[in-house]
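Trainee: A single structure is presented below for examination.
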């Protein structure tokens, strides 16, 4: 299922954070190579929630604000790295896990907090972490066992988030031997929103209908009551634990199954007489986990299926080594079953299992064989191999509709029994059906033969490269008629190192088989295009012999030679080797001018260490070189010729000490050698006036502009609780568009009883200076007096995740002037337990002036929808293209510019013309979803109920206009919110003067329309008068005798016709 574009990008910008750091930036970890990411402005991660990492550390995300990190018990001195990818995802990695991640033993996805929360791993969604582990028993200590996965030598387990798992796991990972820990990752159906096209009717005429073959459909289950699929399913098993068993309540699996073998007169499947194995590996919401998928793969392959269709996968890029890809390769070798895999709908690099070598990976084309915009395409991540392998129809495909399913209720119905869907999910079963027909024709063939035959006879679109279409669109009519088959489906020659004058030729043998009764003479030639769009130079790709006779019932072998020593442009070459009508895709990457850079790392003890990270980022072109798995204390990486930004750090094994460096301009014009010695760093920090001040958060970062990065700088930041154990190497080079920034947060004695906070930051332009410890005086700082109030007795307040005190309390705060700060305040019944969370308020960015003292009041009612302008919003309602997201802070306090959140239950529904478009199971929130293109008027309804005397229930209805948003930047949805600011000591004995403001997420001028008041909890309502003068609106609310609460109902609108009708029950209390 296609659920919004979320393309993983290998090159990203880096940041290290903890506590209340304000830093932003970019980075990634991966193979030592030079990738070329899309040069685009990163989007914010836009996710809110709390997530407990496998290490026991807790991370909080609030929209696009920097992550807040709270180290687990006993881990207070560990430092953290935050890496923000170009697509906006945030990785928060403790430094004591860095070595295990880089070695490949610990899955990096376990620290991608954006995707963890988005995919339901957050603390609000589940209390455990699903893992797949391999190795010693210690890796399963404290975990509950889920299932064994022998195809990958793994075991699926669950660990409680309160379990001290990491200590034992870290010790086990440091021991020698084969061991690893992987996230039991999320997998989804690949749906984006024929049969004659691929020539199936021609095969039917010859009696080839898939009869006698079995196709396993690993999906959301199958509706076996559907007329198109009666008697088709011969075996079924559920791997999800769904209450519905193997039935299909989502609707995806039924649609896919009927494309393979549906019996409808109009919408007939490709192989109508093939039988099905129904493996339910995705639940009733269309999602699943790696472990369930692999278990289903093992069952299907060992149950005798000749073909296994998997219209599912992950968008995380993969080079074919992910555990699902490994399972495909191993099970193919073991059983001979052909895995037919959807390429994915990200439009980018295929993920897993689509990247598996042995699988037949299928992209999607429309009815005219044009590539679908959403279809994922190659080359494969890291090694530039050819993927996808083939294409098939995947746009506007009509097939069976599962009764009472989610898709039946939300996607276009075609008559009473069928549904129109798009995606590579639809393309794969077309190919699986074709494979079943071919398996009927050649029952002795195994996966390799089936794959090569289907690819060799595919119909190519001359406008598309092999990285977009593989061999071309599957052609059943051609494959069943062909008597010639090649031994391989494609030839991927990988990346050949520069310089190329001494490159050795790469020779690959291709054997051609002739099943016919007469010999066949094949004319062999290679047609390859270079990176300049021109034909490859003569002699770079050759086939010998040029003419090959294959005897009847026999075989003959040719040699395909790739000689990158032939002078030509550097870059990617791709094309086909043709043998008559047979086509075999071929590709090679001729590395651009690059050099070896050798790095030696010395630890704090003076000995070589492998606890490090580095990155070279091109300043002109978007290239990046980072460590690869298994690198030791000395590593050699390839870096493209030119100027780069070089950043690195080296840390102790326990993550409590680190030395960072950043060179703004590092020139690579030949081989280089660098030694990074942790002992050479200088200390960093601030000294303040108050002698009892202690540090709670300390961090620093270096940021460098690039030509390709536009407004987004690349950089690296390190943060911990203190600068103790933190060192920096001064820069040897400098550059004008570079900035070194460091900050520190200090409090009195301990954060549980402090009466003040210092939040300090310093910027140095051009380079990292040699002097990094500075004294600052109170007189040079801005001052804020902050007052914090609770909603009920016995609660605690947490200020910026720094100071925790019983409410109410007041703080003196000292800020470096001119810097943007993101103040926050949380009310909780238990500071140690997220379930005690009552309210949280977050401000838009603020700058304070030197020498001035301002007063800020936090936590004052009324709590209701707060929607300041989208530009400053950490959470917002927005639209990009036709992808919409709703994330409305429903519990903002009366402080202008604040957003507010609370633990509440409820739902959110978006409608258009009275028909539901999207629904969410949380108040004010629906994750990314697609709306119809073009302008329209929408209705949005949300309800929220919570156990709190204030704002115990909120109901809001919005009517707003929205249209398709062009470009890469999202546009705000014009949602309004009415904000009330009654005095804290409102009395029932006298009328209450209530200032009122109307927020508009899109910044439109808005006005209050009506106001009603209730003093009996919303049972009865009376109109209330209000007036506007000088741009300010006030209401004077009178109270009946004995009144204890005031509920408020208001409407507001803007000149564009957008409006809101909101009701807040028990908005404020009366004394």
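Every residue, even glycine, has its Cβ placed from backbone N, Cα and C.
Unlike curated entries, TrEMBL annotations are predicted automatically.
This is the feature table in TrEMBL:
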SIGNAL    1-29  signal peptide
REGION    27-49  region 'Disordered'
DOMAIN    210-472  domain 'Peptidase S8/S53'
ACT_SITE  219  active site, charge relay system
ACT_SITE  252  active site, charge relay system
ACT_SITE  425  active site, charge relay system
Trainee: Sorry to bug you, but what's the C-alpha spacing from residue 252 (active site, charge relay system) to residue 425 (active site, charge relay system), rounded to the closest Å?
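Mentor: Cα of residue 425 (active site, charge relay system) to Cα of residue 252 (active site, charge relay system) measures 9 Å after rounding.
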Trainee: Under a criterion of Cβ-Cβ distance under 8 Å and sequence separation of at least 6, what residues of the same chain contact residue 219 (active site, charge relay system)?
Mentor: 189, 248, 252, 253, 256, 257, 279, 280, 281, 282, 309, 310, 311, 312
Trainee: Give me the count of other Cβ atoms within 10 A of the Cβ belonging to residue 252 (active site, charge relay system).
Mentor: 30
Trainee: Other than its own, how many Cβ atoms are within 10 Å of the Cβ belonging to residue 425 (active site, charge relay system)?
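Mentor: Its Cβ has 33 other Cβ atoms within 10 Å.
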Trainee: How would DSSP class residue 219 (active site, charge relay system) in three states?
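Mentor: For residue 219 (active site, charge relay system) - judged by DSSP and reduced to three states - the answer is strand.
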